[in-house]
């Protein structure tokens, strides 16, 4: 009732008419505002939600308003987001937004942002860490996240949940609802922490394994956490319960160095480049080759799939098959198909790039042997890169070969810019576009079906919008590096480590192998557990570059070792255990690549697989 006073001056109040608590409060509130209450059960309501169908990664909603039936899709499946979307629907209808505009805008909605870290846990567990807030809505969303991860991994579901504070509901009502959520999501094991949830232990289904503790310290002192094995564990708690200690106890600590990947920032970058497309029907290919530019292909691919990218592109068939095995269903293009991997491509529906007649003939032969027809392929034209691709002069013969068989069918035709990021090559880029347009039109004219055309990479999307054609390929820009202007997109990856040891070293002494770390004053030297085996290039040593410790520059001292390197922290207030940022928001990766006279691609893809990837949404 107290919250309803916020609406006393509103002209219209929109709410879920099926929510008994809200409906009763509105009835008692004496509000003078017009009420628009939508319902999934009452067909007499002006806005009746006739059907809600949850798919794997989206929800289809049908509704009736003013005797008109319509349907739209939203790109998420959790109940909280669905209810939010229905409130938005009611508002749009009240504002007389046309139904087709509602459908189009709903499809572009983004999930509620929250921080969800996915980490590798001990004993073959997967951790989902949301230990920063706790309320019913975010619990609902996080449980959906838990269900999806457990289904993909084939593991049991465990929820570690603290008291949920300041909801305005009675303890009995609140935990009756929590128990319903736990039961509906098929939770196998519940670990409750706090006096309130413990007092409601009997409300939870006796069929699940249950443990309750008065506080976090009691949980940590027990043996329950040690017993967790082969489970996906959602850690969900109010901040005052300090569940970061629980996460720390469960986390597999093999290496002190991690690469943090901000999935929310990546989605922001995706949407930024989508906003640059001249036509909404233009499709998007996202590059996830080389383990998604070092970020880790599965989590990246899953996030992109959830945001409805049209294609994922990998280098080799093994990369694509691993994504399929992990549950990725999006269309996948193989950029560098091997002659020995045709069976893998057929079995996992991986669509190869075809760049010469030798590869084409071998692929057709293999497809015929398997009895396959109309297997999609992507024709590459060489318009100036001179790396791979059919010459434009080869197109008549290519058309002849393609039309005299039925094993494969061209799904797209594309080419590769040489220097779309550099104004000095603009004339050459325009010649490439002209050559591609000529060659692709010639190929299209020979076939009755639509053949998608694409030539734009990240820089091309921005600098040559007239060449966006039917599809574009987003690569390095997705991962937070713009070839044009880094200020317009978000950093995605942060490579960080921790200080192992700090020692005082005199100016007469040296640091590291071959005594290459010469000092000019008495110094404090810190050792951090990252070396060239982790992807930290040796050329950055001997003072050629720096990392950040507590926001200040700490130069690398001496040679970079295989597993460890040393940094100068003489003028920095720090201690053992403090973080060192190798690159991230405040130290762009371009600083390192410039020092190495290379490109950010090389720095990102050089990060070793032994460096743990930690994913979060913020």
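Every residue gets a Cβ built from N, Cα and C, even glycine.
The number of other CB atoms found within 10 A of the CB of residue 289 (active site, proton acceptor), across every protein chain shown, is 20. The active site, proton acceptor annotation in TrEMBL covers 289 (among others).
If you take the C-beta of residue 513 (active site, proton acceptor) and look for same-chain residues 6 or more apart in sequence within under 8 angstroms, you find 558, 559, 561. Taken from TrEMBL, the feature active site, proton acceptor covers 513 (among others).
Per TrEMBL, the feature substrate binding site maps to 387, 562. Within the same chain, residues at least six positions away from residue 387 (substrate binding site) with a Cβ under 8 Å of its Cβ are 416. DSSP gives residue 387 (substrate binding site) a coil state; it is part of no helix or strand.
The domain 'Alanine racemase C-terminal' annotation in TrEMBL covers 492-616.
Feature annotation from TrEMBL assigns N6-(pyridoxal phosphate)lysine to 289. Annotation note: residue 289 (active site, proton acceptor) sits in a helical segment as assigned by DSSP.
For residue 562 (substrate binding site), other Cβ atoms within 10 Å of its Cβ number 12. Taking the Cα atom of each, residue 562 (substrate binding site) and residue 289 (active site, proton acceptor) are about 26 angstrom apart. In the three-state DSSP classification, residue 562 (substrate binding site) falls within coil. Within the domain 'Alanine racemase C-terminal' (492-616), the DSSP-based counts of helix, strand and coil residues read 22 helix, 45 strand, 58 coil.
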